[in-house]
């Protein structure tokens, strides 16, 4: 694990120069911090969810819902340890060989040097300052000039990492997809693929006055680098580049091929970036032709007195449902019992009825809880007892009382967009509705299709409205109908396969072994479920070993932790250094790891 050494102080020290400029900002920044509530970070980060819920950081409703003791859900005599899900923690793995930069400087020593600490910061900042923003309405590459900024980004990558471009194979896929290959000597070994994405989400212009520093300034302040993209996902992209550059400088010749695959539109589902990259790899290596894929995902956090690294081994499914209701217009002085908007509002209240869910042994979240209970130093005894009992019915009842927990085993419902009406005093003729669902991994998209099929048919009969479902079939049809509702979908994705995380998986052993080597042998590597989706959705045919984990540690009690996708996004710089060290270690361990 990298040391948190302060930057070297010299006449040319960029951090010192920035710190001097920041001194006058200290008071106002701290004032802003005291007057702003930090977000819980990205909703899909399981450990932060767990910490806030069980440590009292969730909202008041959640605290009230969970205030009763978990012990009240069960008799103490019934607490038998479940054998349905084991918390397997692989051994620490160390590299059998390590490259040298010169006669007596190892790669890891160089990464931990003050010189590298300073120089790497400058490179990180330079790439963060390029606003590689991806918007929901992006057109195709070549037709939409908003993609041109990625050429600027890649020119800077070429300038900052010259040895990668001199010694490794670099390819551009669909213009801006970046594929870097460090060829291995043993062609019988399947390659290791490290993923990241170059794009970032837009900055809400109305929020600029709430940023401590301009969102693309990449300002270093109090050990943090503030910038859009610092946490999602340029931290990983830059860390992988740093690791590969060091290996290129050292002329490292691995047995296993190592590939970096960087998309450029992950924030809008990756169809122009990750999908063509995945196709290229499939053409080259074939079905199941890759050993392991690692992309962004869970974090490492100190929870219940233990350091947990939550490696997401699966993702929930995804569906956007679009509904369009058409009715006759007219003068508002003679309205029907329900206007178009009124009818759609009736439907919304029905749509928002929860799906309900059930925590099953097969759900990775069940194993997450088992690992917490088995390895945490100071978890509440009643909660530990409940989890280890394996009583999924009582666990479901308890955890479903909080919105922070329930969506790890239940399909979510978010009515996000509604539009209707054009003028006061004119009856609306059309209302549209968009609903987002993250689909329960145990149910699949069929659950959502079936739910809407029944719900819309019942709605149509109740309000005398014709109904056409997703497949174009009209299931309710009246000659004198007062309207017609149409259902369609835009983006859909079945829940991902579950990647292996037991003793039989060499891939999981290597990943977990490298994590524990980097972050310490006291780290509990824990499988988890990803409620959100990543670019890995396009890579399923390449391997069954797909893992989602971001190699940084975070302190969830800090209001200043990362803030991905929102104001004051930042990365603790020592956490970024840990990322570099991890990717460097992981490449070596995957190639030649041995038990410590």
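Numbers here mean position along the shown chain, with the first residue as 1.
The backbone N, Cα and C atoms fix where each Cβ goes, and this holds for glycine too.
Record check: Swiss-Prot places 197, 295 at the Zn(2+) 2 site, and the matching candidate among 155, 232, 251 is 232. Site annotation (Swiss-Prot): Zn(2+) 1 is bound by 232, 267, and the candidate from 538, 565 recorded at this site is 565.
The feature transmembrane segment, as given by Swiss-Prot for the ranges 17-37, 38-58, sits at 38-58. Swiss-Prot lists region 'Disordered' at one of the ranges 1-31, 63-93, namely 1-31.
Taking CA atoms as the reference points, residue 232 (Zn(2+) 2 binding site) and residue 199 (active site) are 9 Å apart. For residue 466 (N-linked glycosylation site), the nearest neighbour among the listed recorded positions (197, 199, 565), judged by C-alpha distance, is 565. When the C-alpha distances from residue 565 (Zn(2+) 1 binding site) to the recorded positions 118, 197, 541 are tabulated, the minimum falls on 197. Summary of the Zn(2+) 2 site environment: with the site residues 197, 232, 295 set aside, the chain residues having Cβ atoms within 8 Å of the Cβ mean position are 195, 196, 233, 236, 237, 263, 266, 296, 534, 535. Counting every protein chain shown, the Cβ of residue 197 (Zn(2+) 2 binding site) has 29 other Cβ atoms within 10 Å.
Each of the glycosylation sites 118, 466, 541 was scored by the other Cβ atoms within 10 Å of its Cβ; the lowest score goes to 541.
The average pLDDT for the topological domain 'Cytoplasmic' (1-37) in the predicted structure is 41.
Measuring Cα to Cα from residue 197 (Zn(2+) 2 binding site), the recorded positions that fall within 10 Å are 267, out of 118, 267, 541.
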